[in-house]
């Protein structure tokens, strides 16, 4: 089994955070049909984006700092009268190959370390467009730039069943949205363009309104460009329990765009 096949067991966090390419997303979803461990892991991670947005940016940045390197044990002195071995030139310790996780594998904090939580929190709070580059440092799966050319249609790169969201205000947003049921809950894929260019207009929330009227923020991203593309988020809420999906400013409940399911 090659390294790529081994590493697919560690794509769960990248999948939940929407940083896999379309090809690798499809590959991982096919893998899920025969891997109960990864399916359970996704159920555990489904609420990760919502948890990350509660972490202050300064705390996330602090977690990204490299820890001090552990002390390297020194070899025991050679017995007297025994010739010392010749020194090795530029000897570099080999990185231990990771193996696929078993059904009882450790939780995310032990498998991938705190860096992924910190990095993802920073990009979710500061701006979703940087998600791919922030995760590239530690996730072995390929990533996709969520902001391709502005000349492409908004639906490009989204699932084939993406539909238009209804713009509620003249100065709101234009958006395409795909909502997909998953074993762990629901996946959301969307792209949007902002009236007035979007630059400097703060952050936006993707909100799921439940059949019971409950309001759940499933994602937050920054509008630093005229468009935000191929954004993705997951939730443990079953799609059958969602009545409406909305886009609102993060600091208010004003609905800018919506889609009834």
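Heads up, the Cβ atoms here are built off N, Cα and C, so glycines get one too.
Check TrEMBL against the ranges 94-114, 115-135, 136-156 and you find transmembrane segment recorded for 115-135. Looking at the stretches 28-68, 69-109, the one that TrEMBL records under the feature region 'Disordered' is 69-109.
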